[in-house]
Amino acid sequence: MTLKRVEDRPTPREVYNWRPYLLALIAGWGGVLFGYDSAFIGGTIELLAFQAQFGLDQLSEDELAFTSSNIVSTYQAGCFFGCIAAFFIVETFGRRITLQCSSALFCLGAGLMLGAKHSLGMIFLGRIVGGLGVGGVSLATPLYIAEIAPPSIRGQLVGFYEIFLQAGGVVGFWINFGISEHVSFGSKQWHIPVAVQLIPGGLLLVASVSLRETPRWLYRKGQLNDAIVNLSWIRNLPADHPYIQQEMEGIRAQFQREMQENGTGGFMTKLKELTKPGIRNRLGYYSPTIFSSIGITGTNNSLFATGIYGVVKMVATLIALVWLVDRVGRRKPLIAGAVVGALAMYYIAGFVAVAKPSNVGSPSPAGKFAAACIYIFAVAFCVGTMSWNGISWIICSEIFPLSVRALGQAITSATQWLWQFVIARSTPYMIKNIGYGTYLRVRRHVFIRWSDKANSVLAKGVSLEDMDRLFGYYPHGDNVVIEEGLNKGEIVEREVVGSGVHGRI
């Protein structure tokens, strides 16, 4: 079966130029901040030098679990409030400025962590400030890319954010393994992974200066000429080209409809779909601890297994979001991934309950398969027809009306940060006290997502201005003509295969 790109209308070849890809790559680089910060901290806490300098090696098992969860979860708390605060910046000053402010906060957080001596106070403060930056990035990046991307490649371009997130995670997972192998005992062991945060943060801060503001935000702020200029540059077409005129007319029509009647039914329906409990980083934050819980013994072994986990997720995500997301759609991958991921969690829970693995000796064959199930879960989470990983960012960034798009993205992003905070606080205690029940809870959340997404709406290839009609939400009854003989109430899919263009209604 040939996989085909779906277009909302006949699209000139010039639209698929390097400019939207470059802008998406720059904005998507913010995913490295998220991915690295989420991945490196779990391994850093496991480093003996870190534990010795901050007295973690003197704590009881319960005290260590409490302190570790605090170090991890202060970051999620910062992300939650950063996402909410960024909403006001992204609406008032634009998507581009928000990315610049967020990357500056992220670098400040890394600097504060490097200033820690023997007290965890600066570590906590740095995690909170860095989290504020990542929260802003998690709001602004998907929003920015969705608003500059052509509809037929929107999923792929927003997917760059998740790809960079996974790439940052790989670096974060492996850096601690490399340090434990090659850097002698001392403060340098934990200084290096903390200092590496400055590289992606600094690069985003510098590169974001070259970003162009989204035409949709400019239009909403009354800057019509700037909106046309930026849209014309991004699409690589003259301002008077029919394609540019149609897209601007679609933006204008949606804006006028929203001004005439500010209905909330469609907004609340869409919001309900996306404010479900998230489990995306339970394995990421505490992966060394989780591998230890199934019998992968030794700090280096658990860090190595964690590094492999990061590579698997990155490769799987790359395949899913570059090649498949705009060809197979959003709904089927979510459902298939839920089923496979739940089966993997069932096996791990059963293994832990029956075998009761310890931290001594080599893992049994059943234990090795339990470790493999963690990788299977990662693949189910990320790849092919089995992906939740980046699709959630894509859906959140594309389905809301222009007038509430930033608010909708802020609420959904803040919700996932809230659940990540809950997960970060609870996971060490769950692994210690309920063992196999930890994986059964993950399985339950997987099935919640499966039952929810079974009836979700397909949005691939649909323009942002047509999302209201796709969801059956009409804030104003009149159709708006965007092409001779075609009303906006009709969504046309055009399949592009090679050089030929074929249309169907």
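Keep in mind that glycine also has a Cβ here, set from the backbone N, Cα and C atoms.
Record note: among 283-300, 463-480, 481-498, 283-300 is the stretch given as transmembrane segment by TrEMBL. Here the transmembrane segment (97-116) has Cβ contacts under 8 Å with residues 27, 30, 33, 37, 54, 78, 82, 86, 89-90, 122-123, 125-137, 139-141, 144, 191, 194-195, 197-198, 201-202, 204-205, 208-209, 211 of the same chain, all six or more residues outside its ends. Below 8 angstroms of C-beta separation, residues 37-38, 41-42, 45, 97-98, 101-102, 105, 109, 120, 123-124, 127-136, 138-140, 143, 285-286, 406-407, 410, 413-414, 417-418, 420-421, 424-425 of the same chain, each at least six residues beyond the ends of the transmembrane segment (70-90), sit close to that stretch.
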